[in-house]
Each structure stands twice: as C-alpha cells, then as structure tokens.
Amino acid sequence: MTDSATTNGDDRDPEIELFVKAGIDGESIGNCPFSQRLFMILWLKGVVFNVTTVDLKRKPADLHNLAPGTHPPFLTFNGDVKTDVNKIEEFLEETLTPEKYPKLAAKHRESNTAGIDIFSKFSAYIKNTKQQNNAALERGLTKALRKLDDYLNSPLPEEIDTNTHGDEKGSQRKFLDGDELTLADCNLLPKLHVVKIVAKKYRNYDIPAEMTGLWRYLKNAYARDEFTNTCAADSEIELAYADVARRLSRS
C-alpha cells in the first residue's frame, strides 16, 4: 500500500495539514526552524495544504489525541500522522514526485552538509555567561560562517563547465545547490535567519560584510516568498531567546 496521490490513476492532491509552533499570541507563526523547514518544503512542492498553529501553553485536547506527547511540527497526510522531521522530509520527497511535483533534493552531496556546524557554534556563543570565553566562542561562530561563505563562493561543477571565458571569479549562484531552493536550503536558511537575528540582538554581532557569498545567499532568500512568508517575526525570535541568551559576567 502506498500514500502516493497519483497511485492507480488518482491525480487528486493528498490531504495535508501541517501543525507548527504558534507565537506568543497563540496564533501567529512562532520561532521554530523545524516548523519553517517543513512549511518551506510543502510550499516549494506546490501541493495544497493547510497550516495550523499550535499554542504549546494551551494545546487543544484533539491535538493531544492526534499526536500524544508530540510537539510541533508534525503533519497529517491523508489522515496518517507523521512526527519525525527528517522522516517527513524524506517521505514528502519520495511521495510528491515529478511530473506533478518538483524534485527538491540537492544534486551535490556537499550542499546537504554546508553550514552544518553553524547552529551549534551559535548556541554555545549565545548561551555563554563568561566574558573571558566570549571572544573564542565568537571566533568559532565566525569560522563556521566563513566555511559556509567559502562554499557559496566556490563554483559548482556545472558553473565551471559553463564558464568558458575564464573571467568570472567564484560562484554567482543564488542558493546552496544552484539557482533554485532545495531541501538543503529548507534546512539551513531557517537556522541561519535565527543566528542573524539573535546574535545581533543579544551580542551585537553582525555577519561580516566581507562574507559576500553568505550575504548574496541571504539576499536571494529574502527575495523568496517561500522563505520570508514562513519566517516568524523578528520579535518572536528575539523573545524565544530572551531566557536563553545569557548576560556576560566576569566571574
């Protein structure tokens, strides 16, 4: 048995409902990179789906019964509840396939791991309370960001193949794996956005201007509705980290 909507000639869209974390008001989109990741994937697939925000302070009984013990994000696909984000991504890519739905997997394996350590470096930096450790942790974050910047500025094989003039230095692609958003971007961009907002708010840290590949990447992402319209408000992200971001002390 398969969940595919096109099985046996049935070309109807599947019934999909995505449940994401709600914001402070209990209704708007809250800070949750994993929720945004799935929201972006479904939007990019071009499939019809509904989104329900879940207020974790007042989780309705029907949702508790639907996915007991589970925090958003999760989704229902033709009535089946799916709760593991990585498995949901894999399932959607295997089920919502061409010709009807675009393939979103990255072509280059390196695109899937680009920026993989940024969020852990950011978390260590933002949670630190000791002034004497701040500079080293900041350097660790900057180093991870620079590694991503280097990847974004390094031409992909197909860019090298098409660059016959030899006068173009570096890559000019829009996203991790080319000029289209892929699953790799859906994973990284929500986290990168949080890093940008929170590090500035609580540590007055800006992503260095000389990281041209990284800023090109962010500029292109902010030009896409699939990203900007699935982001939580900046104030939501800042509030989510109000208790996490620690004040620095000399003790």
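Note: Cβ is positioned from N, Cα and C throughout, glycine not excepted.
The domain 'GST C-terminal' annotation in Swiss-Prot covers 101-241. Positions annotated as region 'Required for insertion into the membrane' by Swiss-Prot, on the basis of similarity to another entry: 1-98. Per Swiss-Prot, motif 'G-site' is recorded for 32-35, and the stated evidence type is similarity to another entry. Feature annotation from Swiss-Prot assigns transmembrane segment to 34-54.
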Long-range Cβ neighbours of the motif 'G-site' (32-35) (under 8 Å; 6 or more residues past either end): 18, 20-21, 72-73, 85, 190-191, 193-194, 232
PLDDT averaged over the residues of the motif 'G-site' (32-35): 98
